[in-house]
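Copied over from Swiss-Prot, here are the features:
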REGION    15-67  region 'Disordered'
REGION    81-118  region 'Disordered'
REPEAT    269-307  repeat 'WD 3'
REPEAT    445-483  repeat 'WD 4'
REPEAT    524-561  repeat 'WD 5'
REGION    791-807  region 'Catalytic 1'
CROSSLNK  K949  ubiquitin cross-link
REGION    1111-1144  region 'Disordered'
COMPBIAS  1135-1144  compositional bias 'Basic and acidic residues'
Amino acid sequence: MDSVIIEPDEREALASLVPAHPLPPRKTHSYVEQCEQKPHHPIRKYSLDEGSRSVTSDSEAVYFDSSDGEFSTEGVAIVDGRTSGERGNGEECGFVTPPSKPASQGGGNDGGREDDIESLPEFIGAGGGLDVFKVPVRAAVNPGRPPCLELRPHPLRETQTGKFLRNIACTESQLWAGQENGVRFWNLEEAYEVGCGLGGQVRRGDEDTAPFHESVPTSPALCLLVDHGNRLVWTGHKDGKIRAWKMNQPNTTTADDSKPFKERLSWQAHRGPVNYIVISSYGDMWSCSDGGVIKIWTLDSLEKSLVLKLEEKHMAALLVERSGIDLRSQVTVNGTCSISSSDVKFLLVDTVKAKVWAVQHLSFSLWDAQNKELLKVFNIDGQVENRVDMPPTQGQQVEDTKAKFFSAPKKEKSQGFLQRSRHAIMGAAGAVRRAATRSAGAFAEDTRKVEAIAIAADGSIWTGSMNGVIAQWDGNGSRLREVNHHQQAVLCFCTFGDRIYVGYSSGYIQVLDLGGKLIASWVSHNEPVIKLAAGGGFIFSLATHGGVRGWYVTSPGPLDSLIRTELSQKEMAYARQDSVKILIGTWNVGEGRASRGALVSWLGSAVSDVGIVAIGLQEVDMGAGFLAMSTAKETVGVEGSAVGQWWLDAIGNALDERNTFERMGSRQLAGLLISLWVRKSIRTHVGDLDVAAVPCGFGRAIGNKGGVGLRIRVYDRIMCFVNCHLAAHLEAVTRRNADFNHIYRSMVFSKGQSVYTAAAAGASTSAQALKNNPNTNNSTEEEKSHLASADLVAFFGDFNYRLFGITYDEARDFISHRSFDWLREKDQLRQEMNEGKVFQGMREALITFPPTYKFEKNKPGLGGYDSGEKKRIPAWCDRVIYRDNQSISYTECSLKCPVVSSTIMYEACMDVTESDHKPVRCKLHANIAHTDKSVRRQELGKIVKSNEKLRAMFEELKSVPETSVSTNNILLHSQDTFIFTIRNTSNSSRAIFNIVCKGQTLVREDGEEPDNHSRGTFGLPRWLEVSPGAGIIKPDASLQVKVHHEDSHNSEEFIDGIQQNSLSEESSDKEVTLIIIVQGSCSTRTISHSIKVRHCSSAAKSLSLVHSKTTTMTKNLEGSTRYQTDANRGGSTRHRTDDSTRRG
């Protein structure tokens, strides 16, 4: 017998392995003899357990949990501009065999048998440790960002149809969320509790969510507003209604209660959707809608409606509806309106200057909250606009007309088929380029649109745009500065203390100081952050997929490392492991169709124990006409063909998709088609299918060559499957390598056909359009490949790599003797992988089947190789290559290496003759480690409650700077002004204050009981001005607050938008209680001072007010209240000689 022939690189790899125990005697056979005796006899394997080596040390690696931030490889927190280190150098190629493992390992239910799984030897390409080809390193707890409270883990997208979360808002003890079908809220005291589980009553997608309570079904909730004064949460809805919900819902004290709660009040506010609602400094509710509509619902009408009984809801709704004030009609003169008719997307209340900002995408309008007057209209550059309601331009129509004329075909002389085909293809490519060029200007304008607005504690206004620019404005609408820390769209803001939190479309959260300087940055979600909210000691973030996380207000800081260390030690409590078998099939069908028998032979005979099936086809349909049509369809977001649909249906029938498998999705690009099926028994653990396409033909514009991909979440880990057709011809090795590199780096996944951009045929998403826009300066963090961050990536298809340095006859001779070991030495792909030029760091099982190209159709056996004039040399064009979380050596499956795979089948179906290629199938066995999010959240709660150091840190957050107020009683007459002082007596902490009105009392002259009128929304009465109404006081400093009486504002009531003035209150003295709420820069508790302000209707009615001690009210997070006297505090500044007579 001949000895086994091993290639030099394989011999070096095997020689480097040093087993811990002596290996049993190994039988030696030549591959020829082996294949003659039994075509697929397993080769005896070497154990690699003791020979494992990691390419990168843990201290050098970039960690992130794929279940948290799998689409971004740069999950690194940035603090004061410092980032974590880079990973190591490139890996070398190798030839390894993973150890056999039992099929029952893990809890996966993929129909697998319980016998041992024999893994095949695999060749590993070099270069896997460089650039985007680094293997992503995971960890049980991500050290690249602060630890978080996962209130609602990322649900699978398909479970959220019709009930996606759209926004969030936070109270002192609750987090509310607006949904597509209503609202829900969480009690924060239950935030660390376990979820209801699969057996609970909660719908699919919320099994691991912390206990929550849900409302009755409604129209989609587009916005939320917390009203602390009335203890209500207001919501604006797509159907134009505004609804009020009580914070203290009855019968929701326990998590077991599943009865939906109902709204307290609702009315028809707008004809279109309610885009935003706010409550002004004077207690009025402002709402906005499409078409430039802004309405005001006065405090008086709201309060009257809220005192009505529940049985009188209809009357209450009618009362509010008739009180609405349409501001657009009030600023329209002779048919010309002073504000734009474009949609009003946001409203912002400036509590410092008592103003309201209305935000349209490219302009702002500034309003006086007290008298509802329009103050200013200006654009995003800060330039004042006198008239903005102009008729729309026809420029785009003209351009479209020009495009039609320019693209019209001209009569030409008769041409040959190839010439006409070339013109058709290049004409389609030219149309794509013209469309992209024509839309570039509009795209640049769109990137400047305002997507978010917020007010900081110092009264500065911050806006964020699609291009990542953050602009700072003063309260008068003057643009002060702009910063740009991230080249992605700003989607939301949140302010807490003296910090500004920014949420980006990339999933990043950044923390800025009041000057716009970057403090910290981290990847919070794998999808865009659409809303941020502060409360309960957390900054809560909501991503587009519906996941909700809470970040501690101290993060990043010392608290993070303590929690991370403790939680990592609890890994065994929440780590879980499952397994699944994956069948991957590839076939170049040569524009033909297959019989059912061929499909069953290829796929049906191999799926009995498989959980996932990924199929890639090439040359489904070709020809110049089809390619041109396909390119044109791609430009308008349409893909697929009748032939492609036939293949999907035929393969589905072969897989028995009605009973056994479920088709998850597909993507077609010209002749390339990829589709994926999942066994129904594991369907609840698989979802979030995304698609992608990258053309490589004709200047990267046409899909005759290229790749199509599917990305899917399996047991909370990300797997990517890419079907490729690379450049043809023996000498085009460099082009094939370049095609792979282009596909790997350019593939951007999206949620489906509706989000495909029309800018270019190969543009997969709008995100890629933003990335490729020449006006956008991209940083390295956006240039990372989506494939680089996946846990498992499988490439398959017609790679077109050929055999080199060998003749047709020599190749046929080797094949007839099954001497595949000699042929592999002539394989272009093996050589290029060996040199680290392509498929860097990826694996391919040892090929033990004959070359799959090129055959004569319908000619069986090995005699079917091409015997025509060209006599193309047989080659292994059709391949399957993959990588998982392992580096070169075998690694045990764990949360640090969550996907560990091996090849258990790799063969060609030589009996199928419908094409000039043979179909290939490969079966992978994947062990998958993942986290039980519900249990981990519970473990986090135990750590927070039991760790003494953490408890001490949380206690420190309750500290509030000592402050004093110069008076607690103010007496005003008509047009009087009084100035009092708030002093921060702390020498180290800044004090942040906000002034609200608790209530109003009408003092009767006839000695009757005073008429107490609570200010439910904490709004000021219209006769009183307080300036500033909020701000920051530096350590050991003071700030003056002006209180002014305005006698021109009477009690207002509006009926059908017409003001009804009431003068009954003018004869009575009025008294209000101002509450000054004070907190520190990072306080979770507040201290309040109260001041009584009394207005006398005439000088003769002046009363001597008895000076009393200032009372402070301290409110902690649990809602308890304590009172303490303020009489002996030092540092008070008095701006009056007598509280009862001094007037400003």
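Positions of Cβ are set from backbone N, Cα and C atoms, glycine also.
Residues 66, 70, 136, 138, 582, 584-586, 588, 614, 616, 618-619, 672, 707, 717-730, 732-733, 736, 740, 814, 823, 826-829, 831-832, 839, 842, 851, 853, 873-885, 898-899, 901, 917, 920, 922, 924, 926 of the same chain sit 6 or more residues outside the region 'Catalytic 1' (791-807) yet have a Cβ under 8 Å from a Cβ within it. All chains included, 11 other C-beta atoms sit within 10 angstroms of the C-beta of K949 (ubiquitin cross-link).
Across the repeat 'WD 3' (269-307), DSSP helix (H, G, I), strand (E, B) and coil residues number 12 helix, 12 strand, 15 coil.
When averaged over the repeat 'WD 4' (445-483), pLDDT in the model lands at 94. For the repeat 'WD 4' (445-483), the number of residues in each DSSP class (helix H, G, I; strand E, B; coil) is 2 helix, 20 strand, 17 coil.
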